[in-house]
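**Student:** First the structure, which I've put down as structure tokens, then a few questions once you've had a look.
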Amino acid sequence: MTPEILPIEQYDDQLAEKTERLRGMMAPFNAPEPVVFRSPVSHYRMRAEFRIWHEGDELYHIMFDQQTKQRIRVDRFPAASELINRLMPELLAAIQPDSVLRRKLFQIDYLSTLSGEVIVSLLYHRALDEEWQEHARALRDSLTAQGFRLQLIGRATKTKICLDRDYVDECLPVAGRDMIYRQVENSFTQPNAAINIQMLEWALDATAGSTGDLLELYCGNGNFSLALARNFERVLATEIAKPSVAAAQYNIAANQIENVQIIRMAAEEFTQAMQGVRQFNRLQGIDLTSYQCETIFVDPPRSGLDDETVKLVQAYPRILYISCNPETLSHNLQTLSETHDIRRLALFDQFPYTHHMECGVLLEKRQ
């Protein structure tokens, strides 16, 4: 696989290999057969980052080969959305003749949406002044005139300049309802929008007919908690990153959802609060004891759940666990399977043509 050529003809074989690998990893836990969700074979990534190479008067996107560390020129990138592919040549064509915009530009980040918006972040090894802003505004205006709905951001050491705003609003069709999600530049968002929709719909199906409330740890911009809110009386969700919490609060209002409460704290802190070990000012006005959380949802980082959080999670009758690293999931399941059975297993091909796997399990406590 090169950045410009995807081995599309190998997609089915690669997905079959991942499915087999997941089966093997989940076999010790008596997991059911995985339901497999395919990715689009191209234009599936909603974001991309490129280094910028300067050669004489020319300017082009590059990536580095992970094995050889050689640089590879990238003029088109079929893994990324069609919107990013349309924008890449137009953006460089506009920057190339402009000495102010190109000077010490070393990286460009793209974040696009299915709703047709895109954020472009230009990263520099120099201070950005008023002259840069003037040229950047002209660049934004010329690309807008070409039909691109874009936000332009300049970054340098300890500097972030937004010409307008640093977010885009995504709209995802989820089980018959359009969900609005504000996505903030440089914050985590699911990279594969088509797979994200399938993950949300799978989670909705897995929790259909639920009783009581839902607790979610690591909620990000509310991706799962807002979609799942329709299946529960109330949802209590935690997140540590300030921009994500702000986006989640906006998303609650934009989707007119009234049964979701977001708390800004780490999962480890929340564990202490639930156990009564510590009191937090941030929890004033929130009566944790009033929540009847019978289901807990976790979508942890690659490192998985720490031991204390595993113990917290184990107390709940139903656990919905989305994992971007089945190895740490397996490690967590060694403890969780002492008390819970896996009722559902899913493989989401979030990262085609790589060895990475995303999967989901629904666990229920043994009676």
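Including glycine, each Cβ sits where the backbone N, Cα and C put it.
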**Student:** Determine which of Gln183, Gln190, Gln334, Gln350 appears in Swiss-Prot for the same S-adenosyl-L-methionine site as Tyr218, Asn223, Glu239, Asp299.
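**Tutor:** That S-adenosyl-L-methionine site, as Swiss-Prot gives it, pairs Tyr218, Asn223, Glu239, Asp299 with Gln190.
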**Student:** Which number gives the other C-beta atoms within 10 angstroms of the C-beta of Gln190 (S-adenosyl-L-methionine binding site), all protein chains shown included?
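**Tutor:** Neighbour count, Cβ to Cβ under the 10 Å cut-off: 26.
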**Student:** If you measure every Cα to Cα pair among Gln190, Tyr218, Asn223, Glu239, Asp299, the residues listed for S-adenosyl-L-methionine, what is the largest value in Å?
**Tutor:** 16
**Student:** Quick one: pull the CA-CA distance for Gln190 (S-adenosyl-L-methionine binding site) versus Cys324 (active site, nucleophile), whole Å only.
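**Tutor:** With the alpha carbons as reference points, the distance is 11 Å.
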